[in-house]
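Contents: one structure, followed by commentary.
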Amino acid sequence: MEEPATRELEMSLSDGTSDDEMPLSLPAEGSGHSGSIRKGCDPFAQTQRSKLQHRRSRINQQINKEMRMRAGAENLFRATTNNKVKETVALELSFVNSNLQLLKEELEELNSNMEVYQTDSEAVNVPMIPLGLKETKEVDFTVCIQDFICEHYGEDSSLYDKEIKELMDLRQAMRTPSRNQAGLELLMEYYNQLYYLDQRFFPLHRTLGAHFHWYDSLTGVPSCQRTLAFEKGSVLFNLGALFTQIGARQDRSATVGIDRAVEAFQRAAGAFNYLKENFSNAPSLDMSCPSLCMLVRLMVAQVQECVFERVTLTTEDTHFTSQLHLAQEAARVSDVYLLVLQTMAQPLMKDYVPFSWASMVQVKSEHFRAISHYYAAVALCDHTLSAEEEEGDEEAEKAFLQFYVNVPAGPPHSQVLRDPEKRRKLGKAHLRRAVIRHEEAMRVHSLCKILRKMDILQDVLSLTHKRSLDKYSELDREDDFDETAEAPEIQSQTNQKPEITPTNFSTVQVTDIFQRLGPLSVFCARARWGPVRVICLQKGEGGLGLTLRGDSPVLVAGVVPGGCAAEAGLREGDYIVAVDGEDCKWAKHGEVVHMLKSCSERGVELSVVTLHSHDTQLERRAIALSHGSDKENTRQRVLGGAKGQSSASLLNWNRKKKREGGGTTKRLGSTFSLSFGSIRDPEAMY
C-alpha cells in the first residue's frame with residue numbers, strides 16, 4: 001500500500017527552537033535506567049469511560065473489516081466482465097455500504113457521548129465537548145529492532161530483549177492513559193521516548209519495518225504507516241484529546257474548577273495547533289489541517305465560555321457597568337462559537353464533524369447571545385441613577401456609549417439613561433431578542449437525538465429561558481400599545497483573551513531505553529562505521545604512542561608515526577569501545593586513561609571502530625560504480641547534533657526548512673569534523 005507523504009522529524013542545530021519543543025531536561029544518556037514508573041489504566045476495568053473505549057475499539061475493527069470487504073468487492077466489480085458476477089457483487093456492495101453506514105452512525109453516537117466525560121457535580125452548567133482518544137493496534141517491535149541491532153550495530157540482539165519488552169510495555173500502557181496528570185505524563189513519556197527510538201533505529205530514507213495502525217478519532221477509518229512521524233502525530237493528538245477530557249470533567253461551580261478547565265482547554269488547543277503547524281499530508285482526516293483548525297477554535301471557544309462563567313461567579317454587585325460587562329462577555333462567547341460553527345460548515349468538515357457537535361455549538365451560540373441580551377436588559381431596567389454619583393454616571397455613560405456595535409438611532413445615550421421609560425422600553429427590546437434566541441437554541445436542541453438525552457443541557461436551556469420570560473413579563477404593561485423596537489447588536493468584548501498554551505515536553509524526563517548501544521553522538525541510525533577491530537598494544541619505551549581526546553566515547557585524536565599504536569594498526573579517528581573486553585562506550589576520558597596505564601606487561605587489548613566520513617563514502621562509491629548511477633548518493637544527508645549539543649524540535653517535520661545562521665553544520669558521519677563542545681576536551685599523549 002502506498003503511504004501518503006509524511007514530513008519526517010529532523011535534527012537541525014541551526015534551527016532556533018525553544019526548550020519546550022524538545023525532550024530536554026532529560027537525564028544524561030549514560031545515567032541508570034530502571035524503566036517507566038507510569039502505567040496505563042487497567043484495560044479490563046469496567047468504568048463508564050473504559051466501556052466506551054471498548055465499544056469504540058470493537059466498532060473500529062468492524063469498520064476495518066467492512067472496508068476491506070468493500071475494497072475487494074470493488075476490485076472484483078472492475079475486473080470481471082461477467083454480468084451475472086457483476087450483479088452479485090453490486091448487491092454485496094450495497095449490503096457492505098449499508099453496514100458501514102450503520103457502524104459509522106453507531107460510532108458517531110459514541111463519539112458524541114459527552115456525558116461520560118462531564119463532571120459528577122450537581123451544579124447546572126452547560127456541558128463541554130470532549131474528544132475521544134484515537135485507537136491503535138499493538139505493535140511488535142521485536143523482530144525489526146533485533147534485525148537492526150544485528151545488521152547496523154553488529155551486536156547480539158538477544159542481549160536487548162529486556163529493552164525491547166520495556167518499549168512495547170510502554171506503548172501498551174500509552175494506549176489506555178488515565179484521565180489525570182499521570183495519564184498526560186504517560187503520553188509525554190512515550191512521545192519523548194520516540195525521539196530516542198527515531199535516532200537509534202530510523203535511518204534517513206528507510207523505515208524500520210514496523211507498521212503503525214491508528215483509527216480516526218471520529219469516523220473509525222483505519223490508517224497504517226511505517227513512518228515514525230505518524231506515530232508521533234497520533235500520540236500528540238491523543239495528548240490534546242486527553243486534555244479536552246480533563247477540562248470537561250472539572251467542576252465549574254467554583255473558580256478553582258474553572259481555572260483548571262481553562263488551563264486544560266488551552267493546553268489542548270496548544271497540542272492541536274502544534275500538530276497543525278508541523279504535520280502535513282495527514283493520512284487520517286482527524287489530523288488534517290481543516291480538522292485541527294476546527295479543534296483549536298473549539299477549544300478556544302470553550303475557554304471563552306469558562307471565562308464568562310468565572311466573571312459571572314466573581315461579579316457580586318448589580319451595578320450598571322458590571323451588568324454591561326457580563327452582557328459583552330456573553331456576546332463574546334456567542335461570537336467565538338459562531339466562528340466554530342462556520343468552520344464546521346466548510347466543505348471538508350461538513351460531512352465529517354458529528355451532527356451532535358455542530359448542534360451543540362449552534363445551541364451555545366444562540367444560548368449565550370440570549371444571555372447577552374438578558375444582562376443588557378437587567379443593566380437598563382434594574383439600574384437607577386443617583387444625582388450624588390456624578391463620576392459614576394459619567395463612567396456609565398462611557399460604558400453605554402461603547403456597548404453597541406452601531407450607535408442606535410434616536411435620543412442620545414445620556415437621555416436614555418436618565419429616562420426610566422426609555423430604559424424600560426430598550427430593556428424590553430433586549431428581552432424580546434433574548435427570548436427569541438432562547439427559543440431558537442431550544443429548537444436546535446430538540447432536533448438532535450443525542451442532545452435530547454442530555455438532561456443537564458435541557459435544564460440549563462429551560463432555566464435561562466424561563467428567567468428571560470419572567471423578566472419580560474415583569475416589564476410588560478397592559479397599556480403598552482407601542483410596537484417593541486428592535487434591540488441593537490451588542491459589541492462583544494472580553495477582559496481575558498484565551499491563550500493557546502504550547503505543549504512543554506520537558507516536564508517529563510525520560511532516559512533512552514537503548515542507552516547500552518552507546519552515546520547517540522556516535523551510535524545512531526544515521527551514522528555508519530566499520531566493523532569492530534581488536535588492537536593489541538604493547539607499551540614501548542616511548543609509551544603507547546597515541547593521543548586521546550573527549551569522552552563517551554574516547555577518540556584517538558592522533559597516532560605517533562612508527563610508535564606502538566601505529567604498528568599495531570590503530571588509526572587517527574578511531575573510537576575506543578572496549579578495553580580488555582570491558583565496555584567503555586560511556587567511559588570518561590580519565591577512566592580510559594586509567595585502564596591504559598594499568599595494563600600489564602603483556603599489553604592491552606583495545607576494541608575500536610572507525611566512523612566513515614560522508615566524503616569518503618562518496619569517493620568509494622564513485623570508484624566502485626565508475627560512471628554508473630548511484631541512488632544512494634542523492635540520499636546522503638548531514639545529521640546535525642554532535643555530543644554536547646542540544647536537540648532540535650521534536651516535531652520539526654518540515655525537511656525543507658531553511659537553516660539560518662552562518663554556523664558550520666557538524667557532520668556526525670565524519671571523524672575529522674566532529675565537534676567536541678564549547679569547552680576544550682582533555683587531550684594528552686600516552
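Every residue, even glycine, has its Cβ placed from backbone N, Cα and C.
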Which range of 65-92, 93-120, 205-232, 597-624 is coiled coil, per TrEMBL: 93-120
Which range of 476-501, 658-683 is region 'Disordered', per TrEMBL: 476-501
Summary of DSSP states over the compositional bias 'Polar residues' (490-501), given as helix, strand and coil counts: 0 helix, 1 strand, 11 coil
